Each structure stands twice: as structure tokens, then as C-alpha cells.
Amino acid sequence: MEEFSSKEPPTPLLISFDAEEVRKQAAASTQRFEEGNSLSILDGIFVAIKDDIDCYPHPSKGGTTWFHEVRPVKKDAVSVSRTTRNPHSPDRYTGGSSSGPAAIVASGLCSAALGTDGGGSVRIPSSLCGVVGLKTTYGRTDMKGSLCNAGTVEIIGPIASNVEDVMLVYAAILGSSPCDRISLKPAPPCLPNLSSHESSNALGLLRLGKYTEWFNDVFSTDISEICGKILNMLVEKHGCELAVPFLYRKDVKLTYDTRTNLAFFRSFTASDYVAAQRLRRRIMYHHMEIFKKVDVIVTPTTGMTAPIIPLSALKSGETNMQVSGNLMRFIIAGNLLGLPAISVPVGYDKQGLPIGLQLIGPPWGEASILRLAAAVEELCADSKKKPLQFYDTLKGN
């Protein structure tokens, strides 16, 4: 961590980190394994936690300099992460807002991390950093203890370097809140057995929905070409059916972008909220009609690869709606409708920057998108490369 913090440009991967406490926890974990009393399969694994998830005794600042002063953390444990630089190219963004979790996993310093996704904040940085990020169905995990635990679009989700590790962390954090179990009635959670013959056969039964106009609506054609190539490989190797469903068309203390969003939100009226809920219900109806014809909707995760960080943005951030639009173009449905979605790295553009493929499933359909994500990962295994800034914790370099 000291080595990464002293790099030029600076790469402060963790904003709250007690090295001695982590060493003590590592020693205790080693002793438990030697005695045959490990807590779980994740015992001893270094997991980074996003800065808006409570982790006692570390403060939850939510990316600000002051929020911990008005909302002290009273329970939970270990470390909190946030950063702004991409391990594949330090002069480029990692995407927001789970940027730290994605960057520290991509850097090799951390096996897995927890982020929050209320508007692509797990999937976008995962795509830009070349790692795997899962957004679960809304209500699949308990949001208590996070800064945004009262909305209807945000979830806590895992980020890891591969699909299997994402599944391990997902299994560990599974569990709806008592209120969600009553109101949402979630289907029982299910994890695919990736090594079974049945799992391989199940891939051939999947119908993938590809909306061509979305694939063409990207800032870089490298994205549509590589994502399209992977879909063709899924059809050829696993026998997946590729369908083209009809989809609706969509025409200081706080950084500039945060202040802009807050000012925008304050302009909403109660009538606007009711109208938005009616629109959400209509969009949900159209998606459920689509899921009668296909099992998974596939899109690029983002419409562009990691954008360059302007020097002017280093002090107070920036507001660039064109970049935001390119990054969030295919993201919103997952949050607005509470659908499960996962971003899987599938290759690189001509500048060597990661490209992600997004798989969106019906409500409670995590098992299907995880199974398909594992197949995509296998197809792309030979093309995966280490970031420019990478630390192999096993080899110590």
C-alpha cells in the first residue's frame, strides 16, 4: 500500500487503512486454519469496502470530507476504499462511484471488494478496470448500514477479478432484509454449479436478447465489435440462441457533479415522483414482455472505455454530461427496474483499455447471468492481460 501511495501520479487506493490491525487479523486467520476452525471460505481474504458502507471503526464519508462528522459509524469492521485512477492507465478514470473497489481489485492488491450500485456504480468501474462486477436484484441483499439504504434502486454488490470469486462473495452477503422478504417475496437464491454437465447443457438453452441499435450506439466501435464477437462465440461453442427483441428507445466539500445532481433532485415535485413511478411501471411491463422471449439481455456495459482525467478535475471534480451519458447509456434499466446484471471483461480497445459486456436477467435470475458470465470469461481467458499498475501479492511484486 505504501508503494502504491508513493507512485506518480499518486494512487491512494485506500482512504482508511490500519496496517497493524490487518496483520493481527491475518495472524488470527492463519491460526484458525491451522486449528481447522476457519470462519468460512473467505476467512483471511483481504476485502476492500466502499466508502459508503459502514465498516467500524472506520468512518463512512461517502466521498466527502465531512459526512462522517454528522453520521458517525457505530458498528462493523476492516477497511474502506476509494480512488480516482485506473490501473490500466493512470491518467484515466476508473468510473464511479465504486471506483476504489474496482481499482484495488484490478491492481492485484485485493481479491474482492464490496461496492454499491444505484446507477451503474459497480458495473461501470468494473468494466473500465477490467474486472467482474455483479448488481443483484433489488432486495436480494440487505442495504442496512450503507449511506443509501432508503432508496429503491441501489444494492450492495461484489467486485472481483473473476466470476467464481464474485460468486463466493455474493454467497457470503446473500440475505434480504425482513421488510424486503415480506414485500418483495424474493425467489430462493440459487448458485450455478459451473463444473457440472447440466450447467454446460443449460447454456445451450439460453436465449440471448441483442438489441442491435444499442450495440451500434457507442462512442467507440471497438466496443460493439468485441462484444459482438463474444456473442457469436457463445452461439458457436455453446449453442445459445441469439434473438433481437423489440426494446423501447430512450431519447470544495462537494464536487461539481455531486452539486449538480443535488440541485437537480431538489427541483423534483411530488407530481414528478408519481409520474416517474408510473413510467417505471410501464418500462417494467415492456421488459417483462421481453423476458418471455429471451432469458438474458446483452449489451456493452459502457458506451466508451475509460476517459482521460482532465487536470482541471483533480481539485473539485467535473461535470461532463456527454461522458456521463456514454458511460451510463446501458446501465439505468438494471437500477430503475431492480434487475440483476453483471459486467464481464471481454477484451480491450486499440488503446489497450478494458471493455465490458453486460448481462441483464429477469428478477431473481442471478444464477442464469452468473452461469453465462462464467462461459464468457472462459472464452476470453487467453486475451486477458495484467494492468500497467499491478502487484502480485503471492509473489510480492
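Backbone N, Cα and C atoms are what each Cβ position is placed from, and that goes for glycine too.
Bear in mind that TrEMBL entries carry predicted annotations, made automatically and left uncurated.
Pulled from TrEMBL:
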REGION    78-98  region 'Disordered'
DOMAIN    80-234  domain 'Amidase'
DOMAIN    270-370  domain 'Amidase'
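Mean pLDDT across the domain 'Amidase' (80-234) comes to 88 in this model.
Residue counts for the domain 'Amidase' (270-370) under DSSP, helix first, then strand, then coil, are 43 helix, 21 strand, 37 coil.
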